[in-house]
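**Student:** Sending over a structure as structure tokens; questions will come in a sec.
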Amino acid sequence: MPISMELPVFSTLRVPLFSRLALLPTFGVPFSSLGATTRLNCTSRKARRICVMCLVRDSAPIETCERAGEDGSDEFIEVLVIGSRKESIMDSCLDSPFPSLPLRFWSISKDSSGGLVLQQRLNHQDNALKTMNPIELLQSRPRAFILVASAGYGSDQVEAINILSAVRSGGNLAVAVLLKPFSFEGRKRLEEVNELARKLQQHTNFCIDIDIEVLLQKDLVTLDEALRNANNAVSMAINAASALISGMHGNFIDVMHKDLKELEGSEVKTILESYKEAKVGFGVGHNLKTSILRAIYDCPFFRPGLKDLNAIICIVASSVPLQKKDVKTILRTFRQTMEYTGDIIVSTVHEPDLEPKVRVTTFFILSSSEVETSNKGNIFSGLVPFVLNIFTRYRSQLQKETNIGLGETPVSIKDSADSTDVKTSNQNIEEFEIDSEDLLEVSENGDDSEYPLKEGEPSRNSRLDLKDENVEDFGAIQREPIANWSMDQGYQIEQKWQADSGDTAVLSLGIVNLPVGVRPSKKLNSNLSVASQLSRKADSREESFFNPNGSTKDSSDTASTLLSEKYADFTKQRNLSARASSMLEAERDSSKRWSPILEMQYRGGLFKGRCQGGLPEGKGRLVLGDGSIYDGMWHNGKRSGLGTFYFKNGDVFQGTWREDLIHGKGWFYFHKGDRWFANFWKGKASGEGRFYSKSGEIFFGHFKDGWRHGQFLCIDLDGTRYSETWDDGVLIDRKQVDAGD
């Protein structure tokens, strides 16, 4: 029976991804084209080509490994996990669908006498506890030792480093997997992990770095989803190193215009020792080309344009057994997709339990501790334009395949570079760019920010232009203080626009008041010590823009003249349905009937975009009479899919819609710099959410029908943590908690 697959948390992935699939990433292979011996002996400084490695294996039953272990013919690969997330990491690794790998998982604990011992973590069915002295573990001469470390490891690092040092000095491979903390966990924990990384450089052969902060920066994901993705990435790295080190699988080198050559196990070890760092990217598709594109563009762990790049490693997993001729087919497909002609090291992973016709591609980006100083002939200079080139070329193709897979109608609308300009009163609004990429991509450049940002927080100055090679994009909705945005056309108009109480109310949204999810009751927190604190926060936000009628009372003759002709006779049609009136407008102008992009009056505003049957369908923008703007996808005349709503006071919502209501995951960017991410159900926040205040405070918790409900975790600017209990928007209790709780 095929293993069930579930969608990953990456926002642009559409094909199911096996949530616990431990893909087998391999490691860098520096070589020249002279011969196998020269390839393996050259240093990373001499490497001048991109390497792509895959792994070919047939899954062996678990009994095979057990018999090998009993005979002593196959040593175990020991995995030691330390840090505050060790339990969840080991749970994820033990749920891996690759039981044939000779892995044993350990944690550090104390025995009855107070001495340190290693406690083995077994699968969920086996409740027996097995312990071992670290000296006994070293005497068993493990083939390799893998340390997985997250923040909060405490004194466990001392024993872990001692074991790593002993394993490496004994001639075996010592590998480290570092899981960096989220930025909201505080600078202290980040410095803690960085300090451990510096120590491990002296005691390990190879280190895999996993920065989980990018999960929250680049994707519309909850904290729980981000943690699961981070654990899956750790499991992938562990299984990859284990598969290579165990020697259970064949590895092949492919040189252009030559046959494949198989690598020996000792050669693989030499290869692994030649690099110091690696980063990961992976994707899933129903064909090899799509999975490769998604591994490059959709995985937040991989960023196109990395400068410390020495080699790329590709692993392709499928449910059908692949032979040597199939490996050549993969090579040919890879070269055609990536337009790459260099030497390649290639194979695949055979996993019978994987869903049929599913291809899982994993990239590993490897770098060396030695930094290249010359740009001439450097692999960096050759790779960055290469990645940017294929990025521009295949992004539209990937979006098209995704839309077809979802049953959406692909729409192609001509782009316009002047989409955000507002013309004078005697001109119409210029044709603007209606592209779903505007809903997905933002710039990372935020040096001009009006408000200071923490390290690692994304920012934005303007929308991306895919033709600009200096701009990076990672295919997911990003978030940043709204003060950094260059507003689209209509924003300057709405600042002085006189509110129109007509049909605009049908599509306009009410302004969200801060703090979010809190009932405006005078009795709120009257008996709590934090009453003054909440009152202070509320007072700081008592400005006119929270009043729906506050910021739009002053009218502008210029703004009124600009769109007066567009709205002159629309009030006469209010007795007609929206569909009938829009069809009449389309028929009155014969020149517009044959245009793929229509401009018409629609439900109290000016719509410009794709239409079908007189109703918006596809991509389009609606400028409402009160100055608010919706820019995004439409279906049957209603907002559906990805879209951005610009409030008349400067706030912005960016996320998913259904039947004219916010439905799904989305971000609110308040124009004062606060940010709020939440899951929405029919227009109301429901489920997990998080709030980032401009002052640096962070709130995590759950919402119910738009109100805070249940437990909330609050982290102040100085790192102090508070646990709050809310009941339908009313604060019940608040107490300080320890950082380790």
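The backbone N, Cα and C atoms fix where each Cβ goes, glycine too.
Copied straight from Swiss-Prot:
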- 1-41: transit peptide (TRANSIT)
- 444-465: region 'Disordered' (REGION)
- 451-465: compositional bias 'Basic and acidic residues' (COMPBIAS)
- 539-558: region 'Disordered' (REGION)
- 546-558: compositional bias 'Polar residues' (COMPBIAS)
- 612-628: repeat 'MORN 1' (REPEAT)
- 630-652: repeat 'MORN 2' (REPEAT)
- 653-675: repeat 'MORN 3' (REPEAT)
**Student:** For the repeat 'MORN 3' (653-675), what are the DSSP-based totals of helix, strand and coil residues?
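**Tutor:** The composition, in the requested order, is 0 helix, 16 strand, 7 coil.
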**Student:** Sort the residues of the repeat 'MORN 1' (612-628) into helix, strand and coil with DSSP and give the three counts.
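**Tutor:** Looking at the repeat 'MORN 1' (612-628) with DSSP, the answer is 0 helix, 11 strand, 6 coil.
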**Student:** DSSP-wise, what's the residue breakdown of the repeat 'MORN 2' (630-652) into helix, strand and coil?
**Tutor:** 0 helix, 16 strand, 7 coil
**Student:** Just to confirm my parser: what is the rounded mean pLDDT across the repeat 'MORN 2' (630-652)?
**Tutor:** 91
